[in-house]
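Asks: Sharing a structure with you now.
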Amino acid sequence: MSGLAISTTGLVHIYRAHGHDVAALSGIGITVRPGELVGLLGPSGAGKSTLLQLCGGLLTPSAGRLQIGEHNLATMTEAELDRMRSGDVGIVLQGAGRNLIPYLSPLDNVRYAQQAAPRDREVPAPIDVLELVGLREHASVALTALTPGQVQLCAVAVGIATMPGLLLADEPTSQLDHHARDEVLAAIRTINHRTGMTVLLITHDPEVAAALPRTITIRDGRIAAEGRSGEEYAVVATDGSLPLPPHVAELLPAGTLVQVTIEDGQVRLSPVDQEGSS
Amino acid sequence: MFLRRALRYRWAQALVLAGISLLIGTCAVFAPWFSRAVEQTVMTETLTSQAIPAAWKLSSQTGVETVGGSAEGDPKSLDALVPADLKALFTPPVHGMRSTLTWRVPTMIPKEPSVAGTLVWRDGYCAQLTVVEGRCPQRPNEVIASIADKTTWDFTVGSSVQGKPSDNFDGGAQLTVVGFYRPLQARGEYWFGQYPTGHSRSPSDLDAGSTDHFFADLSTFTGKTWAPRFSSDTRVIPGVARIDDLARLQDATDTVNGNATQLGLNAENTSSLSTVIDQIQNQRSQGRTIIPLVMVQVALFGVVVLALALGAVVDQRRPEIALSRLRGTSARRTARSLITELGIPVLIGTLTGVATGFGLLLIARATWLRYGAPLELPWTVPAALVLAIVIGLLVVILQVRGGVRQTISSLLRRVPPRGRGWAVGIVDLCIIVFAVAGLAAAATGDGRGPLPVLTPALLSLAVGLTFAHLLLPTAGLISRRAARSGRLGLALGALQISRRPAVTRIVAAVAVAGGLLAFAGQAASVGDHNRETRAGYEVGAQAVLRTNGLSLGDFTKAINQIDPQRQWFTPVVMSRPPAPDSLKTMMIEPESFRRVAYRGDQLTDPAGWQALAAPAIKPIEFRSSKLTMTAAISSVQQLENPLKGGPDYDPARSLVLRASVVSLRNGSRYLVSFPPLPLTTKQPVALTASVDCLGGCQLLQLGFGREVLDQGGVSANVAISKVSTETQPSLTLGTATDWKGVEHLGGDAGSITAKAGGLLTLSVKSFSDEQFLQFGTVPTTVPAVITPEFRYAEGTTTSPASDGTPMFVSKLSNSTGPVNRYPDRTAVVDLETVRRLGGGLDEFATDFELWLNDAGLARVDQLTAAFSKAGYSVELSDVRSERIASYGRSASALTLQLTPVVGIAAWALAIVVLLLTVVTSWRSRAQDYASLRITGVPAPLTGRAARWEQTGPVALAVLLGSACGVIGAQIALPLIPLFADTGGPYPLELSTNWPVAIGLWAGGTIVLAVVTLLLGTGVNRRASYSRIREELT
């Protein structure tokens, strides 16, 4: 199966904490093309995991549109979401162990993950899935015998057990040494490359981010920036707003009047005083 | 596909679930099995202990003249009355012939009355006798007499008597004594109540004398000589007749007499089998009440614990459930696989309960029931098993569905989300409401129905759950305050409690366990106590020996010789009136009764004991064959007949001085009449009368009678100036105040008083009736402790205490306790007082008993030998420990034996919950403590918090549960039938047994505290840094 596109428009998610409504996402609009490998960046609490869980159908959007391939998640029932997760969307949770059944071998974990796949869906042999992540030789060992990196690879294998169109991975490279991290990243790239599977992964690691073809930075529930092959860009939102990068925002504190001009095809931001003089 | 591996991986959890289910299954199957076995045992026990009432005693109503082979006279003809389908349930019949007879020996003078006796033949009687001398009869008209008769009548082998049937003047024969016997078992079941009496009495003034049974050969009854009654005795065989036969036995018993008439048999059945069957049915219903109620409590608790355990297990499976849902498995399918995984151990455990239930039944059958029940499979067992399985699986389904229905994001959180601190789950709320409603129904209702009996469990469940739900916010509050005041250990421990709802399960389970254990302790100890108490009251003392005493004097002499200090027994003589609603007389020795009888000192208060004792006045005793009184008459006045319209009599001529003396030799009372004292006599006159007092007598009464046909009224003063005997020139008569007038029922208008003057001056007003004064050694109205249900009125008399004369009694108002052994219509009087009153007692209406204390019971053989040597035959008729054991075999006692089992099971379940909670939460707790250590909290502090976070709530829960159990027991125990009958005046003592309650509370607290402290220490030890990064569960 080829990758699934992700498209969100004005995506809002509000949750209730201690009697107050808190907006985890405030009008996110992103588009991920089928087969893209995208990293989600941002500080803790920015809304990355919320976006990932929304994409996985684990949370319901409070407002806005969220389209995964043909699925409009905002209107799907629980059963439809189950069906979507059983074949079209794979999820790798943060913390490799949370993705695995502790008493099953890697092979059986993959098998377990394939159980719910729709009958009409062709799922690969579990051993082939493990081969894809480089765990073929460890297919039948106990999880406790694996290294942390191998456990994470196993978690990734479980996430792609049904060869979904979209893989959502929450910090798959965290808590790993560099070697293991690179192995996991390489495995994800391989999967993306060989299967055309769309991959959306969260990372805090700048090196990992730099290695990804595209990154989206989320801050305060909004898209703060996008990166392309290591270069970061601000993104104009659908409402025309433009979140400033942190180092620019330091120069232009909140409330600053900014004169926006176009000179020679370039947009220029010039702070002015309260009277309007530069 | 992965089921086996899942079960193997979490084998401990599976084991716990299977263990709890095992308990539920065991309870489910054991209850009906045990109930049935108890019913069978009760039937067997009742038939065994009431062998005679449960027997069919078929006998001809009148004597028949032709017997020994003819159809209508053959006792075997009565066997037809036992229905063919019930014959297997009855013992082979014992046939018999008996004829009452009188007999004489040639040496008797013609006027001498004949002696009464009974001529008996029974199937195999010779085997039931110990032939002391001679042999058993083999030919017609040979008899074997009792060893008592040999002594009384100087029989020898070869002696012959001329016997005559009492109701056939034409019959009779010369009977030859060919041997002497002693019954092998005096009250053996063989006799069906027709045992040799042991009574053999030589003639006296009152009685022509009697003999014990003469046993004869069957051939003696051939012909028309004896007109015997014939009988066929059989009884239901305990252990062969079973519960299912009861209805048929009842029907057959009810219709047997009608059948006899239909068959033309002039016979009737004197069985009390119907009453016995009613008793059995009554006990059955008790068992059916108690067993389910007791077992349902523990089974319900088991279900609650299973629910709690499953809740913990499902909580622990949340990551796996989340994973399954994450991979697209529907909630239903996820639930199905988890239900299968958890249902298998539940199913296996419940099914295994059949084996353990059966094992328990075997143990109970071998111990409590003493093999009194057959092994059978009543339909209720599989029904209960199915019910248990359904309930167990239902609990699994409900718990799994509750867990699976959470959102995936919620399932992914490490600590299950919960509502605010005060929120109470719907299920918990329902339980609390149900429990409180039950409690209210118990407290305010009429005490009927099962709810009050379930009070201990309901109350402790409600209180435990309420406490559990209050605990979380309270612990949070305590934590914050402790943190502010710098007590970090407490703060940490309380914080852990407040953020772990699992602790509510422990608290609720422990409270219920504490409640059930406390209730079990109370039920068992109070039941035991009441059985012991009632047995004590019913037997009277530790044991009772029945003797064949005849007179109070002889009896008193014998007991004074054998135990003068009353170290071993206290004598009790019981005289029963012929009318059942009349007052019986129970004669006791107050001093020894207080010491020896069961709770003897509680019969009355000190003032009552003082009033009960015989007056401390020295009796007027003398030994002589003549008694002389010197008397002078004065102030003579003729009186008119006080009855208006009555006849006019001639003027009175004389007064006849009379004395009533009591023989010290045999206790009999004689009326002595002195020569008439003419009214015209002016000088003192010596009046002499013959008395039978060489063996010693006590002067009891003095008074006046009249000569024949001298009925004119007269009043006079008679001064007695001297009383002398052949050996004593002068006797004193005490003071005038020592003499009181004796009441006479229906007497005339006469009166008599004593006043000073001479030795004694009697002021008499006489018409025709006798007037007597009684010396102060015996009150004219005897003080008595009278049982409260008897409606006492002034002038109440007891049954004939002596010589058929009613005894006036005055009721002491100091009665403080029930009367032992004879609690109904009984007047307890002083034995010495009655002995001083003298007179003969009706042998057949009087029991001479010795009530033994422990020391006496220990030397009962020596006492028996000593009495035997003194000429008494004694028989151990009642032993308190045997009565206690007998009550221990009742349905109530047998079923209440379950309560300790229930308590222990409840406690085991509580520990299971505790362990399960720890097993399912230790890792996350260890992670919490490890995190705290990273932040610099020292290990001892986390250790303290780890140890006390559960110990505190658990200890408090034990306390609350125990209190609920004790309170619940006070509500429930009065409704649990401890005995088959109400027990009459013997009160149930249901007050709380505090030593047991406190002991169980302390024991329970210690056990659980040790467990929680050890577990807390273990958790803290595992709170290493590596634990923080651990993710695999």
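Glycine residues also receive a Cβ, built from the backbone N, Cα and C atoms like all the rest.
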Asks: If you check TrEMBL, which stretch out of B:17-38, B:457-478 is marked transmembrane segment?
Replies: B:457-478
Asks: Counting Cβ pairs closer than 8 Å, which of B:342-367, B:506-524, B:996-1019 has the most of them with the transmembrane segment (B:290-314)?
Replies: B:506-524
Asks: Between the transmembrane segment (B:996-1019) and the transmembrane segment (B:898-919), do 3 or more CB pairs sit under 8 angstroms, pairs being 6 or more residues apart?
Replies: yes
Asks: Rank B:342-367, B:954-976, B:996-1019 by Cβ pairs under 8 Å to the transmembrane segment (B:506-524) and hand me the top one.
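Replies: It is B:954-976, which has the most Cβ pairs under 8 Å.
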Asks: Looking only at the recorded stretches B:342-367, B:457-478, B:996-1019, which one has the largest tally of CB-CB distances under 8 Å to the transmembrane segment (B:954-976)?
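Replies: Answer, by Cβ pair count: B:457-478.
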